[in-house]
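Enquirer: Relevant sequence annotations retrieved from TrEMBL are reproduced here:
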SIGNAL    1-24  signal peptide
DOMAIN    9-109  domain 'Cytochrome c'
BINDING   C41, H45, M87  heme c binding site
Amino acid sequence: MKKTFGMLIAVALTAVIFVGKAQAQTVIPEDVKALLQKNICLACHNPDTRLVGPPYKEVAKKKYTDAQIVELIYEPKPEHWPGYPPMAALKNVPKDEALKIAAWINSLDGGSKKAPAKKPATKKKA
Ligand code: HEC
C-alpha cells in the first residue's frame with residue numbers, strides 16, 4: 001500500500017515537471033510578485049495563462065510603453081480584449097509600483113523577438 005502511494009506521488013511529480021516544462025512557466029521576481037499580490041493583480045492575471053484577465057505575456061506582445069500600461073491600469077480599455085470581462089480601474093495603485101509592474105510585463109516579450117508581434121488592433125478610422 002505504502003509502495004503504491006509512493007509510486008503515485010512519483011507519477012504525479014513527473015507529470016507536474018513535464019507540464020511545467022512544456023509551458024515554460026514564468027517565474028515572477030520576488031519584488032514584482034509582492035507588488036502584484038499587494039495590488040491583487042494575481043487574482044485575475046497569470047503571466048502565462050488566461051485567468052479572468054489576459055496572460056501578461058499576451059499583454060507584452062501588444063508593445064505598449066511602460067507609461068501606456070500604467071495608464072491602462074488606471075483606465076482599462078476593455079475594447080483591447082474582446083471576449084474578456086472589463087477590468088476594474090485600479091486607481092489606487094501607487095504610480096511607482098504600477099511602473100515597476102509595467103516594466104516587468106514588457107520584459108515578458110523576450111521569447112517572441114523573431115516574429116515581431118503585430119501592433120494592437122487599433123484600426124485607424126479617423
Ligand atoms: C478583477 C480582475 C482583475 C484585476 C484585479 C486586475 N485585472 Fe488587469 N485585466 C483584467 C481583465 C478582465 C482584462 C482584460 C479586459 C480589459 O482590459 O478591461 C485586464 C487587462 C489588463 C491589462 C491589459 C490592458 C490593455 O488594454 O491591453 C493590463 C496591463 C492589466 N490588466 C494589468 C493589471 C494589473 C497590473 C493589475 C493589478 C494592479 C490588474 N491588471 C488587476 C482583470 C483584472
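Every residue gets a Cβ built from N, Cα and C, even glycine.
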Enquirer: Over all shown protein chains, what is the count of other CB atoms within 10 A of the CB belonging to C41 (heme c binding site)?
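Expert: A 10 Å sphere around the Cβ of C41 (heme c binding site) contains 22 other Cβ atoms.
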Enquirer: Return the residues near H45 (heme c binding site), defined as same-chain residues 6+ apart in sequence whose C-beta is under 8 angstroms from its C-beta, sorted by sequence, else 'none'.
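Expert: Counting only residues 6 or more apart in sequence, the Cβ neighbours of H45 (heme c binding site) under 8 Å are L36, L51, V52, G53, P54, P55, Y56.
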Enquirer: What number of additional C-beta atoms lies within 10 angstroms of the C-beta atom of M87 (heme c binding site)?
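Expert: For M87 (heme c binding site), the 10 Å Cβ neighbour count is 20.
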Enquirer: Max Cα-Cα distance in Å among C41, H45, M87, the residues listed as binding heme c?
Expert: 11
Enquirer: Setting C41, H45, M87 aside, what same-chain residues sit with their Cβ within 8 Å of the center of the Cβ atoms that define the heme c site, listed in sequence order?
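Expert: Same chain, not in C41, H45, M87, Cβ within 8 Å: I40, L42, A43, C44, V52, G53, L90.
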Enquirer: Calculate the per-residue pLDDT averaged over the domain 'Cytochrome c' (9-109) and state the result as an integer.
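Expert: Here the mean pLDDT over the domain 'Cytochrome c' (9-109) amounts to 91.
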